[in-house]
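To keep things clear, I will list the structure first and then write my remarks on it.
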Amino acid sequence: MRILFVHPNYHSGGAEIAGNWPPSWVPYLAGHLKKAGFDDIHFIDAMTLNVSHDELRKKFAELQPDLIGVTSITPSIYEAEETLKIAKEVVPNAVRVLGGVHATFMFRQVLSEAPWVDAIVRGEGEEIMVELAKCVSEGRWPEDRASIKGLAFHDGTEIVATQAAPTVKDIDSLKPDWSLIDWKHYIYIPLGVRVAIPNMARGCPFTCSFCSQWKFWRDYRVRSPKAVVDEIEDLVNNYDVGFFILADEEPTINKKKFVEFCQEMIDRGLNHKVKWGINTRVTDIYRDRDLLKFYREAGLVHISLGTEAAAQLKLDLFNKETTVAENKEAIRLLREADIFTEAQFIVGLDNETKETLEETFQMAWDWQPDLANWSMYTPWPFTPLFQELRDQVEVFDFSKYNFVTPIMKPKALTRGELLDGVMKNYRRFYMRKALFHYPWRGTGFRRRYLLGCLKAFLKAGVGRTFYDLGKAGYWGPQTKDTVDFHFDETRKIAEAQVADWEAAADRSRKHKERQEALRAQMKDRAADRNTANFVMPADAEDEFDLSAETHEARSAEHAAMACGGGKDQMVDAAE
């Protein structure tokens, strides 16, 4: 059986300004499928190679796949749907599957607007795809599709979601097949070397209200440091990778394993062969201040910090457990350790003004990170913050949910004024850095890296790809009143998806009511126990067993929920 994976052709001028990034989802899925005996696997990176729809038709006709898998984040969803629509035209007998975070949580929306999609994989895909491939290869599709956990599909006029599949418990068992990647296309511009995106863990124990990763991966699992370094050694020695970014939301959460990972990199001499970067939190920088130089020795050269907002009000709204002062100190600590710092700011909520935009610039310049990014607040439609702000959302064209297009309109600014304010911050920050910092700060690697970053910005700016400025028609302050973001106003939320949201909100409300009632009951019982005439109920020993074993079990259950585990992620269809 022939399996074809396609990465949809979507561009927005965001992270791609630093280079082309290899789609890691393909090697991880392919590796697990090959382990199960499916070895006829092909891959088309339509994004990196800018493959047109006509070229896709030709490739589909040539390959004649039996199973086609496409992924999608929110902004690329329409292109992913169109890719599978083309597949239906050219290879109608192929089973068409869509996965990724957007399809996982918005499956009713996707199946309503793209009925030609045969199935949606909900959640991490390795084990689900193996079961689906077996079903197709054994001729049991579509009759037995309902027996596969983690799918959603049309059954007549109904949209059906099967029971949620369990997460992959032993993630060390996942062996990605990097040979499917044509590595010459994936270059990290600042260093001019091949780049990869392996991962050390899945999930995140934090529940930031604007993020979806903790919901998608459901529980937090960390790989063996040795297994991760084995994978990196393979990438370096066999595919000539010179830079990698760990795909984790925060690889430093588990300090013990991160330290072991760094030591393993040093022990194998990989710190002299490959440089790398991570995303992490300010709190971890504080915690590890005495280890930062050790991390640098292990090859860690670039840390992107989720400082998120200059105003503490925004940090609180995003559930960020840091303060403005801590952000500044974290950047200073990294600078002392000779680790490049990238500060991330989120702008564009309803309380944004010209003054708050100016505040983020002044704060960025005061903190002096090596790099600064201003991202438009993008309300992922499956996050808690979206539900809180739902009445304020006017744009449902998901192709614009890309961190560079102002989805939300601030009360005091037009979208054009917001974009102009962000560009003003970029111009001032990088012009000053280019003139007074990058060419003169440090020697050797530091200078080369900073000038390489400047090259990436200039290349995207001259080509008008940065921040989608060319598409929007922005050429400077004089055009802020004429920019056109080309929102497709015909895009609406499907009735089935709205009903799903309302049902989820109702479940959440009832769960909260039960919790509040239980707290009140426990409070009343505690008050009763303090009275002189209190008599313990006959069944109290079972109900209030406070043995060490019970306490430990309850603590573990609570911890899982606090980390975003369990039913807060992906509710089974039966519930």
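Quick reminder: no glycine exception, Cβ is built from N, Cα and C everywhere.
Annotated [4Fe-4S] cluster binding site per Swiss-Prot: C204, C208, C211, in sequence order. According to Swiss-Prot, the compositional bias 'Basic and acidic residues' annotation covers 513-525. Among the features that Swiss-Prot reports, domain 'B12-binding' is placed at 9-143. What Swiss-Prot lists as domain 'Radical SAM core' is 190-417. For 504-525, 551-575, the entry in Swiss-Prot reads region 'Disordered'.
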Rounded mean pLDDT within the domain 'B12-binding' (9-143) lands at 96
Summed over the domain 'B12-binding' (9-143), the DSSP helix, strand and coil counts are 67 helix, 19 strand, 49 coil
Across the region 'Disordered' (504-525), DSSP yields 22 helix, 0 strand, 0 coil
By a three-class reduction of DSSP, C204 ([4Fe-4S] cluster binding site) is assigned coil
